Amino acid sequence: MSRRTCSDLRRPSSCPCRLGARTTVDGCKEESPVLSVTMKCFNCNPDLSELEVVKPEDSGIEASYSPVCLEPSCNDCVRNHERLSFIDSPIVGHDNKENQRVQNTLDSSNETEELEASRLYEDSGYSSFTQSDRDDGILILENFRNSPQARLLPSQSPDQHPNKTLLPVLHFERVVCSTLKKNGKRNPKVDREMLKEVIASGNFRLQNIIGKKMGLEHLDILAELSRRGFVHLLANILTKLSGMDLVNLSKVSRIWKKILENNKGAFQLYSKTMQRVIESSKLSLHATTRGYVVGRAALTCVQKSSTWAPPKKDVQIKSSSQRGQRVSTYSRHNEFVEVAKTLKNNESLKACVRCNFPAKYDHYLERAVCKRESCQFEYCTKCLCAYHNNKDCLNGKILKASCKVGPLPGTKKSKKNLQRL
């Protein structure tokens, strides 16, 4: 086995190792009575067979492991050197089980370290993209620091100006959280007035955020477009509408009418149709109920059947009498309901003989009293005359009862009837 030092091997120009430099691993010199190894960088791509083992001249003097690499990029050299020297050393025997366990743990630790190191240097595409963004950002920062605008910005707070890289909502959240964090050290309570001042002073561009009106059943689209200043969209919508549609649009709300007035072309068409409708409404007698609506083709059959015609006198009298009867029946019904709420157990309701309004009827006394304030007639239910207590009816005409009342229970007649049965 030829003895050659690491300096005798051919090295590429990119090798970071320094020739002839010999240091100990981890900056400390440890001496061993076994052997000494002179190591070269494995990343230089020579054959591994050129690694030589140098026996010490004096066996009593401890040798040192001296890898030649000094750069931090040659950590692989040091790890491989330690592993090879540990395997080749005579201390680690094949028959020694304890040493084999130590060797297995070293192998597993080296494999995990190699995997972690390889993951660090992997390029998935995102790292190169972020690296280019960082380089661009560094160049922009250098140019910005040299510019005169960089002197003005330190006086201004960064929270007042919107961050263009963030969404408006995220920028708003960041500003609010930063203000709460600053003031939370002084006062644990939330100062709402201070938050309102911060929100009013900052330009957060929250007015154009999409999705604020999601979930609502009713939404005024034209009002939202006018509030956000989309005049071109409103003009495009109004050009698609006809004259009568514009007339109906102006009746919806004041906001829609203002939108119509702001558009010149649509407002001219609206004014022309309004003049035409007013002229036609003067000629028609039915303009009071129909309004400005002109006859449409879709409802012509319905409009023909519902056209207005002057009613005859007889028909008008009958309709007025029927309406009066409906009103009277409705009012009488309400009166009966109100009086029925005040009835006792032995009382019932009857219509008054004079005014047909509700009257309280007592079955045992055969008396009825009208509850109308203007009437209050008290009469006998047999002869329908003024009530006469226990006296016989004056006219002698007793009205036949609608239903015959049987004998009272416990009387002789009722007992005889029971005996017959």
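Here, residue 1 is simply the first one shown, and the rest follow in order.
In case you wondered, yes, glycine gets a Cβ from its N, Cα and C as well.
The region 'Interaction with EVI5' annotation in Swiss-Prot covers 114-219 and is backed by similarity to another entry.
Here Swiss-Prot flags 223-273 as domain 'F-box', drawing on sequence analysis. When averaged over the domain 'F-box' (223-273), pLDDT in the model lands at 92.
According to Swiss-Prot, the region 'Sufficient for interaction with RPS6KA2' annotation covers 236-313.
Taken from Swiss-Prot, the feature region 'Requires for efficient binding to CDC20' covers 236-383, and the record attributes it to experimental evidence.
Residues or ranges marked as region 'Inhibits APC ubiquitin ligase activity' in Swiss-Prot (evidence: similarity to another entry): 280-421.
According to Swiss-Prot, the feature zinc finger maps to 348-396, an assignment based on sequence analysis.
Reduced to three states, the DSSP call for Cys393 (Zn(2+) 2 binding site) is coil. According to Swiss-Prot, the feature Zn(2+) 2 binding site maps to Cys380, Cys383, His388, Cys393.
Sequence annotations record features per position, and here Swiss-Prot assigns region 'Sufficient to suppress UBE2S activity' to 411-421. For the region 'Sufficient to suppress UBE2S activity' (411-421), the number of residues in each DSSP class (helix H, G, I; strand E, B; coil) is 9 helix, 0 strand, 2 coil.
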Other parts of the chain folded back onto the region 'Sufficient to suppress UBE2S activity' (411-421), taken as Cβ under 8 Å at six or more residues beyond its ends: none
His388 (Zn(2+) 2 binding site) CB neighbourhood, other CB atoms within 10 A: 14
Residue with minimal Cβ packing [other Cβ atoms within 10 Å] among the binding-site residues Cys383, Cys393: Cys393
Neighbourhood of Cys380 (Zn(2+) 2 binding site) by C-beta distance under 8 A, where only residues 6 or more apart in the same chain count: Glu366, Arg367, Ala386, Tyr387, His388, Cys393
